Every structure is written in structure tokens, then in C-alpha cells.
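S.K.: The feature substrate binding site is assigned by Swiss-Prot to M45, A192. The ATP binding site annotation in Swiss-Prot covers R120, T165 and rests on sequence analysis.
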Amino acid sequence: MQLSFIESCFHAFKDQSALVHNLTNDVAHNTVANVLLACRASPAMVHDIQEAPDFVCLSDALAINIGTLTQTRLNSMLATAKMAHSKGIPWVLDPVAVGATAFRQQACRQLLSLQPDVIRGNASEILALAGMSSQSRGIDSGDSVAAAHAAAEALTQYAKVVVVTGEIDWVTDGMNRWAINHGHPMMTQVTAIGCALTALIAGFVGANKKAMAQAAVTALCYYGQAAEHAMQIAQGPGSFYIHFLDSLYALQATDVSQQARVTLYE
């Protein structure tokens, strides 16, 4: 199988030093910023509706995460996503705990109407977003990634690419599907690691607008491999976080491509 796109997508991302506009949750700001900086991207957190729609026009990509959702934040998210879509700026939706409350479900329905380029969630979130039965407990997924494959396909009517993250990540654009076997369980023991992945995917698709699915696959390989490298040294979640950032900083395109464990299903 040809994985030559990994190096080209990686280089495009690094060369662009993408400015990623993040409308993310309160818990995630620091980690999202640190991850993007370690990857040579530029983070921005501009939330207020008075300036966020204007600021996104200066950005290469937008990441929206509904983790700590309020009506005020939702209004800003909707206005900013609408602007991004109108300007052709790729944006990624992270529907955190969408199945937990009616407010989140309604918010995501509104956001889906603005046509995100990528949706990124765990299996339970993807199932709930597609209107299928899920077994989530808050932000934690109680479903397997395989159980969400059909839901991911259904959501391609709203987004160009759907990413389901879990033990084995899954990416679909409605025509091709990729399974990515990277990462480490320690990633679940540090808050906002998933939120930061959403931001990284946004940066990758912003730099690879004509190959968004491949860009998402590359981001997942890069991120998961960084976690694996970090756990060769780390002793627990604290040291993992430090070594994870260092690994993101150090990994090169050839490393990510040569170590990639990806299966393509056409």
C-alpha cells in the first residue's frame, strides 16, 4: 500500500506553520497551545463573538470543541464556523459528550448545518452525533471504534472526513477508509490530549486542503507515534506529558512514514 502521502502531508503542515484558531474548552487551552507549538504550529484562542469571526479570516484552520459549552460560546462558535465556511477555511468539529444532554445535541445539529470539513470524536460521540444508540458516560466512550464505523459513514453527508478515535483510529471520507494502529493508553490519563489532537488535525487539513483525509491520517500517525515514543521513557502521566511534547517536537516526516501502521480499506 502506498503511504507516500504521509511525508508530503507532514512537510506541507510543517512548512506552513499553520495558525490554528481554537474555540476550545476551558480545561484544554494550555495543552492545545503547547501541543501546537511543539508541532511548529501557531495556536490562537479568540472566543468572543465580537472578534472571533473576524480573527478566523486570518487563520489557516478552525477547531471547535464543545467541551465546556455555554449559550454565549455556542453563539460565537456558530458565527465563527459560518465565517470560516464562507471563506473556505477548513474547520473541525469535536462534539464532546454530544449524547449527554439535549443542549449539546441541539448545538451540534446547528454546527453540522455549517458543514465542518472534519468531525473528530470517540466512538460514542460519533454514534450519538449520527443519532444512533451509544453507551457513553460523559466524555468517556463506552463503545468500540468498530461499532461506530456505520455512524462515521452516515456523517460523511455533513463533513468531508470523519475521524473516530480509540484503540484503533478510523478515518473515512465516504470512499476510502483507513485504520491507524498507533497510540498508548496513557493518552487517556492526561486531560485535553484528545482536544489537542482535534487542533492538530485542523492544522494538518488547513495545510492540505486537497487531501484532507490523508492529512487526518498523517496527523493520527504522528500523534500516536509521539505517544509511543514518550512511553519508552515516561513513568506516569506527568512525565508522559513532558516526553510527549518532546516527541512531537522531534519526530520527522521519514520517522512517521516509515513507522506508520495504517491499513487502507477501499
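Glycine is treated like the rest: Cβ placed from N, Cα and C.
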S.K.: Restricting to the same chain and to sequence separations of six or more, state which residues have a Cβ under 8 Å from that of M45 (substrate binding site).
M.R.: N22, L23, T24, H29, V32, A33
S.K.: Quick one: pull the CA-CA distance for R120 (ATP binding site) versus A192 (substrate binding site), whole Å only.
M.R.: 14
S.K.: Using CB atoms and a 10 A radius, I'd like the single residue among the binding-site residues R120, T165 with the highest neighbour count.
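M.R.: Counting every other Cβ within 10 Å of each candidate, the maximum falls on R120.
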S.K.: Rounded to a whole angstrom, what is the C-alpha distance between A192 (substrate binding site) and T165 (ATP binding site)?
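M.R.: Between the alpha carbons of A192 (substrate binding site) and T165 (ATP binding site) there are 14 Å.
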S.K.: On the three-state reduction of DSSP, what should I expect for R120 (ATP binding site)?
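M.R.: Where R120 (ATP binding site) sits, the three-state DSSP reduction gives strand.
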S.K.: Tell me the coarse DSSP state (helix, strand, coil) of T165 (ATP binding site).
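M.R.: Where T165 (ATP binding site) sits, the three-state DSSP reduction gives strand.
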